[in-house]
Amino acid sequence: MPQQPSASPSPNPSATPSTNSHTRVLVLNGPNLNLLGRRQPEIYGTDTLADVEKLCAETAASHGLETDFRQSNHEGQLVDWIQEAREHHAAIVINPAAYTHTSVAIRDALAACDELPIIEVHISNIHRREEFRHHSYVSAIADGVIAGCGIQGYALAVQRVARLLEQREGRP
């Protein structure tokens, strides 16, 4: 069952931005990421998806943003959320997981969000793994790709999104 969408709370109430499409970053997680901390810890580590969500929320709050953190094992659900992002979010951080290598549908949905900054993130270094994992349908349309940095890659992705949003607003 897909993780229900939720705006992640800011750890510092005085830094909580207003909820609107200009400050919300959609953080999407693909199949099997709900098993983080239990599935192949030698590759993905022992941090859980809840740990990733907390890290993203804290990083976003430090930049005056908030996160809308979601996970699904279902391709169509991810596509629906990506399409909704065009109206309700300022940017997308996505770990498509196994769909990285197989989903033209996710790639096309992201390509239709060309006005939003998009950062692709992977916990493991997909280029040091099996050959079939070396190809990404998402990378060619993403504004950046972060791989092999563990869950810290999500924080880096949120930081990059914040910078891209600042640049689009004309801030140095």
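Positions of Cβ are set from backbone N, Cα and C atoms, glycine also.
Small disclaimer: the values here were computed from a predicted structure and weren't measured.
Over in TrEMBL, the protein carries these features:
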{"type": "ACT_SITE", "residues": "H122", "note": "active site, proton donor"}
{"type": "BINDING", "residues": "N95, H101, D108, I123, S124, R133", "note": "substrate binding site"}
{"type": "REGION", "residues": "1-22", "note": "region 'Disordered'"}
{"type": "SITE", "residues": "R39", "note": "site 'Transition state stabilizer'"}
Check your understanding: Helix, strand or coil at the residue listed as 'active site, proton donor', per DSSP?
Key -> strand
Check your understanding: I123 (substrate binding site) has how many other Cβ neighbours within 10 Å of its own Cβ?
Key -> 23
**Study point:** Candidates R39, H101, H122: member of the recorded positions with the richest Cβ shell (10 Å)
**Key:** H122
Review point. Just checking: which of N95, D108, H122, S124 have a Cα that is within 10 Å of the Cα of R39 (site 'Transition state stabilizer'), counting only these recorded positions?
Key: none
Study note, to complete from the structure: Within 10 A of the CB of N95 (substrate binding site), the number of other CB atoms across every chain shown is 25
Practice item. Using all protein chains shown, find which of the binding-site residues D108, S124 scores highest when you count other CB atoms within 10 A of its CB. Key: S124
Check your understanding: For N95 (substrate binding site) and the residue listed as 'active site, proton donor', what Cα-Cα distance in Å is obtained after rounding to a whole number?
Key -> 6
Revision key, fill the gap. Rounded Cα distance, in Å, between H101 (substrate binding site) and the residue listed as 'active site, proton donor' is 12
Review point. Rounded to an integer, what is the Cα-Cα distance in Å between D108 (substrate binding site) and H122 (active site, proton donor)?
Key: 19
Check your understanding: Can you tell me the three-state DSSP label for N95 (substrate binding site)?
Key -> strand
